[in-house]
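If you look up TrEMBL, you'll see B:2-118 marked as domain 'Response regulatory'. Residues or ranges marked as 4-aspartylphosphate by TrEMBL: B:Asp53. Annotation comment: TrEMBL describes B:137-235 as DNA-binding region. Marked as domain 'OmpR/PhoB-type' by TrEMBL: B:137-235.
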Number of protein chains: 2
Amino acid sequence: MKILMIEDNESVAQMMDMFFKKEQWDVVNAYDGEEGLAQFNAAPDSFDLITLDLNLPKMDGMQVAQEIRKTSKTVPLIMLTARDSESDQVLGLELGADDYVTKPFSPITLVARIKALHRRAEVSDAPAEAKPETTAEYDVVTPHFKLSTKTREAFLDDEPIEGLTPKEFDLLHTLAQNPKQVFSREQLLQLVWDYEYYGDERTVDAHIKKLRQKIEKVGPQIIQTVWGVGYKFDDSGLDK
Amino acid sequence: MKILMIEDNESVAQMMDMFFKKEQWDVVNAYDGEEGLAQFNAAPDSFDLITLDLNLPKMDGMQVAQEIRKTSKTVPLIMLTARDSESDQVLGLELGADDYVTKPFSPITLVARIKALHRRAEVSDAPAEAKPETTAEYDVVTPHFKLSTKTREAFLDDEPIEGLTPKEFDLLHTLAQNPKQVFSREQLLQLVWDYEYYGDERTVDAHIKKLRQKIEKVGPQIIQTVWGVGYKFDDSGLDK
DNA sequence: AATATACGTTACAATTTGGTGATAGGAGAA
DNA sequence: TTCTCCTATCACCAAATTGTAACGTATATT
């Protein structure tokens, strides 16, 4: 998958770039509207998805969107917009955005939205086939654990883990996406919270605790503490 | 299923394209009357259905309809017309439209009308068989719930949910079509309301409330709140 | 064992989000 | 027209979530 990212704020661009690469996506970054449009027109068919910041130098994001839509009516387009400007959303959707995300966002959210949009686009391109409509598709699967962002449900040995709050779900999602990999508190704050958020590391602990409580209700612990480092998801202890 | 969409308004075309593709339909879009007719005549038998905007550049929609009907007397044809022009409806039906929808419409309505028309056409194409005339066909079925857009009735464990208003029915339809999938308020506004409508998210809450009241009269709750995310249809709690 | 550091736990205030009822506008029917 | 029902929106209250500080407990290091 190849993404065109049109974003002028350098640190935000860097952050996004990092997370996209973690997903093994190719990223092309343009730092203003003109450059973005040029990049796109140079090879319109090569991009699978575009993220477009609305607040851009040289050429306004809305204009860019319009120009892009003149060339391709279908390429998936996500707009990034400041939280307050609600009218942008209206206009954005009219100008052909498929989704928009308000800044500041959490990486896990953005990535999830991109994946969802890409999935939709892929399906509609494909020839008509057997429709798995109602068959839940899971984003994370191990022999004992599965999780779906579509339904926001998580299962441990087919028992639903119930009552998860948004943060708890995202946290579990992040950890479970890379089983056995240790995440520092700092990393988790970066992944699950807004990229502008710099808070207490104990916050992570507190959420882990509540998450563990809800997991314990249906099965053994799958979130381990790695002393001096952080936390990890590991359900391999259930294999025997 | 393959659809010929004759529609000049780009953003409306795009929106329709998106929802058609979600249904996994093939879509061919023509941006004026001439092009539409050309597309149709190039392969008259390849289309299963045509949507035709009446207000078109180059060649008037009515003319297009007449020309189409010269070639095929049976291809299902839906006209899209501005809300005020009532005379169009009369003329349209005389010129061979099978249905018409007033703009602006809500996606769920348009898709439902297309499905209904297509179903009718399919049945009448088929060799004379036992026609289940009055036997309701349901659009959504789970072990405890069924819903028919034809009769606009919904049943919970064979008990009719009564007194549903149009919006409430569409809302229930949208949610029930994808059981367990969480819909944000924003998504619901996009699906159930007109494409030109951008209103308060609390509006969804209010409709959900009234819908729940009517559901409660005949059985347990099948619409759940997913805190911080949205709402979902889930009747799996009734299985045991 | 002593110490320092990391972690777990709890309680609580602040914030966010959802539910609800009142109300007024508007469409459609009588 | 008048009437009725549907619909949208607002304001207020209730409920859930969240971040953080404080403090107790566990772990590693010396």
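Every residue gets a Cβ built from N, Cα and C, even glycine.
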B:Asp53 (4-aspartylphosphate), number of other Cβ atoms within 10 Å: 25
Composition by DSSP (helix, strand, coil) of residues within the DNA-binding region (B:137-235): 35 helix, 21 strand, 43 coil
Arithmetic mean of per-residue pLDDT over the domain 'Response regulatory' (B:2-118): 88
